[in-house]
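What follows is a single structure, written as structure tokens, with notes after it.
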């Protein structure tokens, strides 16, 4: 959209972040009037965010790079309730101790993408427990309850989904929408925050906050959502057959993170380069045109750039070198994922199919047998019989390298 005047909206539109905006023209005007504050909320349901939340982090990064102040809202209060959005069943209730542990783990990733401090555009991290814990229930209902209608809330997709499936939606979860709306008003009062961003599934919750700000404080607030991404094959972003693709390196190694992006489907390379890297659009356009084997070079660039942002330059370079050694030279790099097996078991010999299952390269004995029979499973880069006993004599530099297909490698070490 060439008519957009603000750098932020122009960038997020050109790169594919934009899904909906409450008032694009008015927001564009506000963003040309100087530094503004925007926030995105993150509930603390695990000790790390995964790739599914990376687009939101990139939105905050672009917000800061274009001269504005990003606010990271940690949901220390709302996580106690659980966001029903996108869920067809109630979330598991978490204790305060678990929430605190999760929050500590999640916080670390933001320092890699944002600059925190006391400056005008420096990022700020806040916890909604700081104000939600102090709310008096009767006062909250009296002051804000009349601004929300059950009629409207029943139209939200997250509510309709539960009701249509005749699945319980607790009053506890129903209150989540009120509290998220109140968060926006509180951040406006404390930090003059005018914009809430989030995934498209949060549209209803964001609208609640925009409308509550207008009714309670006569404030002009805005909402902007990004699309919920799937891969070209329909898979959810951040999910693989082996589980979530975590952003914290204590949950997933930089090598495995790099591999996830290296294995991007051809049709997704250009889109992911726009969303998850800061490469110029003309360079991305060049990479998008690559075909055949050349597209693999674009995938390596994607993997390098995303890993660099998330784990640092050194980790990205090391992951790329591990890939080169593993795939181009056949060397079993020590940076490959590792599984430890008791030395006594390995000395006695473990059938290859059983070892593949224990290493997580196959979900069942049957799957492992088929993999090995078809030649897709290898031990130290050699095809073996499914019942071949893998033992101490197979150790190479203290490890046995298992391979499933062309891209999955595990080192088995005796302990």
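Each residue, glycine too, has its Cβ placed from N, Cα and C.
As annotated by Swiss-Prot, L-tyrosine binding site applies to 39, 176, 180, with the evidence given as sequence analysis.
As annotated by Swiss-Prot, ATP binding site applies to 239.
Looking only at the domain 'S4 RNA-binding' (350-415), the predicted model's pLDDT averages out at 84. Annotation comment: Swiss-Prot describes 350-415 as domain 'S4 RNA-binding'.
Counting residue by residue with DSSP, the motif ''HIGH' region' (44-53) contains 3 helix, 1 strand, 6 coil. Residues or ranges marked as motif ''HIGH' region' in Swiss-Prot: 44-53.
Per Swiss-Prot, the feature motif ''KMSKS' region' maps to 236-240.
By a simple count of nearby Cβ atoms, those within 10 Å, the most crowded of the binding-site residues 39, 176 is 39.
Under DSSP, residue 176 (L-tyrosine binding site) is assigned to a helix (H, G or I) in the three-state scheme. Secondary structure counts, DSSP: the domain 'S4 RNA-binding' (350-415) has 19 helix, 23 strand, 24 coil.
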